[in-house]
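Here the structure comes first, spelled out in structure tokens, and everything after it is commentary.
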Amino acid sequence: MMLEVPRYTWRSPSNIKVVAEPGLGPGRWLLPGAHQPSCPPAPHQGPLQKPSQSAPGPTASASAPPRPRRRPPPQRPHRCPDCDKAFSYPSKLATHRLAHGGARPHPCPDCPKAFSYPSKLAAHRLTHSGARPHPCPHCPKAFGHRSKLAAHLWTHAPTRPYPCPDCPKSFCYPSKLAAHRHTHHATDARPYPCPHCPKAFSFPSKLAAHRLCHDPPTAPGSQATARHRCSSCGQAFGQRRLLLLHQRSHHQVEHKGERD
């Protein structure tokens with residue numbers, strides 16, 4: 001059984017009538033009036049099969065698609081003058097510099113806090129709604145922030161390959177072991193002294209939180225950022241214990257009438 005291949009006729013750019021005949025092979029054409037070589041038809045056995053791709057010949061390698069080029073690293077020509085970060089667009093740099101300038105143009109409608117970025121405000125508002133969209137895959141607990149979930153997942157770690165040489169505790173990461181030894185076992189565990197009192201602290205964040213005790217409380221209506229505000233007079237404090245001391249010492253007479 002022979003396959004019938006249709007005959008195609010078209011005109012070339014030089015206005016010559018070209019006829020494609022079957023059996024001439026690729027790249028060979030028959031002009032009208034030319035003699036067509038005769039060859040016996042090959043017997044067809046079984047269905048047509050595609051050539052094997054396991055061992056491609058020179059023609060197959062030539063027709064293979066080129067490999068995709070590796071994408072070059074993104075260009076970040078806009079560098080922050082206050083830190084080492086760089087950005088691709090000026091708008092990204094302008095948004096980043098809000099963190100250095102202390103500007104917080106995104107206030108929370110439910111509390112006096114304000115934030116530099118809309119994403120920080122959106123994450124903060126989850127604390128007011130009570131939503132916990134980040135569940136733990138190992139226990140029923142859920143968290144409002146991914147960072148809280150990441151900190152909680154350490155409790156489910158199967159191994160703790162970094163033991164403390166001074167106590168039976170062990171840790172999942174070397175950074176946690178270093179922080180533990182710095183806090184509990186170092187002789188100079190408090191290298192950050194307070195400039196206003198004899199106290200000293202292990203970490204700069206602890207010192208910064210303590211220095212709020214020496215700063216005067218913000219007046220009512222002030223734009224200064226404070227975490228704990230008195231509901232009676234409007235004064236704000238950096239720590240909750242200072243707010244409780246203020247309420248016991250200033251508003252106990254008014255509410256209970258124990259003093260003149």
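Backbone N, Cα and C atoms are what each Cβ position is placed from, and that goes for glycine too.
Feature annotations, reproduced from Swiss-Prot:
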type	residues	note
REGION	22-81	region 'Disordered'
COMPBIAS	51-64	compositional bias 'Low complexity'
COMPBIAS	67-78	compositional bias 'Basic residues'
ZN_FING	78-100	zinc finger
ZN_FING	106-128	zinc finger
ZN_FING	134-156	zinc finger
ZN_FING	162-184	zinc finger
ZN_FING	192-214	zinc finger
ZN_FING	228-255	zinc finger
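Non-local neighbours of the zinc finger (162-184) in the same chain are 154, 202; each lies 6+ residues outside the stretch with a CB under 8 Å from one of its CB atoms. Within the chain carrying the zinc finger (192-214), a Cβ under 8 angstroms from the stretch's Cβ atoms is held by residues 182-183, 237-239, 242, all 6 or more beyond its ends. Model confidence over the zinc finger (78-100) is summarised by a mean pLDDT of 82.
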